[in-house]
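> First the structure, which I've put down as structure tokens, then a few questions once you've had a look.
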Amino acid sequence: MELQIEYIPTGEIIRVVSQNGECKTAAGSDGIRLTMESALTARDRVGVQDFVLLENFTSEAAFIENLRKRFKENLIYTYIGSVLVSVNPYKDLEIYSRQHMERYRGVSFYEVSPHLYAIADNSYRSLRIERKDQCILISGESGAGKTEATKKILQYYAVTCPASDQVETVKDRLLQSNPVLEAFGNAKTLRNDNSSRFGKYMDVQFDYKGAPVGGHILNYLLEKSRVVHQNHGERNFHIFYQLLEGGEDDLLRRLGLEKNPQQYHYLVKGQCARVSSINDKNDWKVVRRALSVINFNDNEVEDLLSIVASVLHLGNVQFAANEQGNAQVTTENQIKYLARLLGVEGSVLREALIHKTIIAKGEELVSPLNLEQAAYARDALAKAVYGRTFSWLVNKINKSLAYKGAECPGWRSATVLGLLDIYGFEVFQHNSFEQFCINYCNEKLQQLFIELTLKSEQEEYESEGIAWEPVQYFNNKIICDLVEEKFKGIISILDEECLRPGDATDMTFLEKLEETVKDHPHFLTHKLADQKTRKSLGREEFRLLHYAGEVTYSVTGFLDKNNDLLFRNLKETMCSSENPIINNCFERTELTDKKRPETAATQFKNSLSKLMEILMSKEPSYIRCIKPNDAKQAGRFDEVLIRHQVKYLGLMENLRVRRAGFAYRRKYEIFLQRYKSLCSETWPTWEGRPHDGVAVLVKHLGYKQEEYKMGRTKIFIRFPKTLFATEDALEIRKQSLATKIQATWRGFYWRQKFLHMKHSAITIQSWWRGTQGRRKAAKKKWAVETIRRFIKGFIYRNYPRCSENEYFLDYIRYSFLMNLKRNLPKNVLDKSWPTPPPSLCEVSQLLRQLCMQNMVWSYCKRISPEWKQQLDQKVVASEMFKGKKDNYPQSVPRLFINTRLGTEEINPKVLQVLGNETIKVRLCVL
């Protein structure tokens, strides 16, 4: 039987196909796993699974071409060493089933094809075995699939980790926290229908059994400005539309809302309230169910939705100017709804929206607001209410995820695995304060990434006893310092402008930047640029040269967004709220605290610093997400867009660092097991140490000294071409072995087939002979028994019926009846009758009579009236002439003839005697 090894790209499995069409899949724990090396035979068609194995690793074109090949074959995952690069396919792939989860569960990282589950399982096993905290960092542009990757990882742990009733509750809450956070923190943007507008770091706590028993979430930089403004083609946060579309009529009536989103100013700025690809009604059901799972009671849900509704009503509050130019509220109906939903007095809220309180020299001074200031106060309140409610929501989820078990009372008493789902580098046509913070975050993450990558590489080299060679790379610390350095950094200058007395504006901030950091090589403004560059820079813009490229920021709104101020009287109003959530979000200590609150940029810098400390304390894994096109179309590969992301994600820099030393490294046992067939001394088995076996093997293969190094537990190969040559030699060896194996297999197969058929024939023959013998013996036994009973019955035939003669008597009776059936009389004149046995004489007589009566009855039934008349006449004639006339017997068969005599033929005297009587004359020819 011929065997053929076939490579199947989708899912990256190997299939063994026999000539008769039988197929066995060699993947997972049931067969031969497809290792990175085994996929090299198909590298020309589907690319390499690890970019480290690219021959031309410095070429960005080669990098992108490898991505294209794999994307075309639906292979969306590729490694750069231990870093996973993921390309969003924009379609469902059958690679996330329970079967796939089991395939990656407990399997060595390089023994299976690249997958999200491989990263998840590797981190989990490191956490269990080494008892060291882990973290998985997921980054990429909006729409690249970061949120989906986080969900898939959580689902993997929910399915593969040990379970109990308590653990199942935690798993459900971890999974159900996602739709709630997505509803309140995600929105449709131009690039993504479900874009996360906040950064999220989630810790999952595991007990000593490896079961998830708790969790904790940190959120970063919610895009609060989206509450009051959206760009064209974008929407506000999902929860607003879900509430209007899916909320019950009674709920909407209590909240004072209508189903039509066009009625609310905060929902129409982007002019796309309804989107065909988003089902808000179904999403609302998911969110309501998730809220109950994460321990929200009905009152808390009502309070939360009241706040959501209050934001919509705030957006509909309108102002008009009085004669003095001061703002006045013109929509009293909205104030009534707000007062009821927020639990405040309507008159107090109205006054707070059109006045501001200033404390000067210990005295409160109240001044009216103009239209622009009133609109700013309204929007600031909406953003503050929503932003603080989002933080409260995260804290509420954290309380439901907190582990309260007796075995492990403290949060840090067990191992932790962190998941960081954070915005990637953003470059838009118009970049503002939010993009500045996001890109600063990515600079810090890139700095951490390079440091940890180099650190892990250096640690591996040192542990293996191989000399470390310094790697040249771009150190982006210079950019991080430009942003965060104390007193001289952009954030410090921005805070200084926000705090200084006088008329500070966005332009004075830009001027201060130009004065302070004008000599920095990564900073540029219109004033500092040369004549040619000025054409691409506005006077209100500055440009930073990030690690990923140039980004131009507009300073418009920087001061307002950084201050994030809420007038004191609005804070006082919110502090008096009877809504428990609002009351919790606005503490009265804010009113008595004389210390100025930290600015938004400083808060973000401090939280980012804490995040870096958290990540540095853990063993990191990386997932870099890429979106293939802006149109969200399956199968479309936009090379320009992807090159942009490869650059901004620092993938080429990462590859260069990884390839600065040795491209390939494997433990001796694994390397020897794969390539031992290439050397006669190591094939088929090597009895000594794996280290010695590999040394013999590489000497036989002719490796040059500069091509490899022997570590303590691993072999390090510097160049991919060395590995490719080895793999090609292995492929030739496989073909040679396959030919020999097939020849041996044919002989073995047909020999086994012959022996099997011989054994089958002998088995069938023995079975059939046994069956025939048993049947023959049974028949003989039955015959003997029958004869014995017959003879015994014959002896007792004249006795009364008993067990000894009943068989014989039954047989005699049956024989007589069957003989009688065959010899019954044919008509009434047939007097024959079989002679009965003595025991049936009486019965025979009765049967004979019954038979005769039946024949007579049947005969009579068939007689016609004319024939009956003839017989009646014959009976009369018989009584008259039988025995009295000699020729009577001869006349019996002859029939009587009917006739009538006419009156003219009868003697008149006879007629006279008869009178009127009818004369009948019957003549019989005798």
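Here the Cβ of each residue, glycine as well, is placed from N, Cα and C on the backbone.
Please treat TrEMBL annotations as automatic predictions, because they have not gone through curation.
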> Among 355-377, 424-446, 608-630, 723-745, find the range that TrEMBL records as region 'Actin-binding'.
608-630
> I'd like the number of other C-beta atoms within 10 A of the C-beta of S142 (ATP binding site), please.
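Counting Cβ neighbours of S142 (ATP binding site) within 10 Å gives 18.
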> Near T147 (ATP binding site), which residues of its own chain have a C-beta under 8 A away, given they sit six or more steps off in sequence?
N178, E182, N186, N194, S196, D421
> Kindly report the helix/strand/coil residue split of the region 'Actin-binding' (608-630) according to DSSP, in that order.
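Across the region 'Actin-binding' (608-630), DSSP assigns the residues as follows: 9 helix, 8 strand, 6 coil.
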> So what sits near G145 (ATP binding site) in its own chain, CB-to-CB under 8 Å and at least six residues off in sequence?
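When sequence neighbours closer than 6 are ignored, G145 (ATP binding site) has S86, N88, C625, K627 within Cβ distance under 8 Å.
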> Among all the protein chains here, how many other CB atoms are within 10 A of the CB of A144 (ATP binding site)?
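Its Cβ has 24 other Cβ atoms within 10 Å.
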> Tell me, roughly as an integer, the mean pLDDT over the region 'Actin-binding' (608-630).
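Across the residues of the region 'Actin-binding' (608-630) the model's pLDDT averages 92 on the 0 to 100 scale.
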> Around the ATP site (G140, E141, S142, G143, A144, G145, K146, T147), what further same-chain residues have their C-beta within 8 angstroms of the site's C-beta centre?
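Residues close to the ATP site, other than G140, E141, S142, G143, A144, G145, K146, T147: N88, N192, S195, G424, C625, K627.
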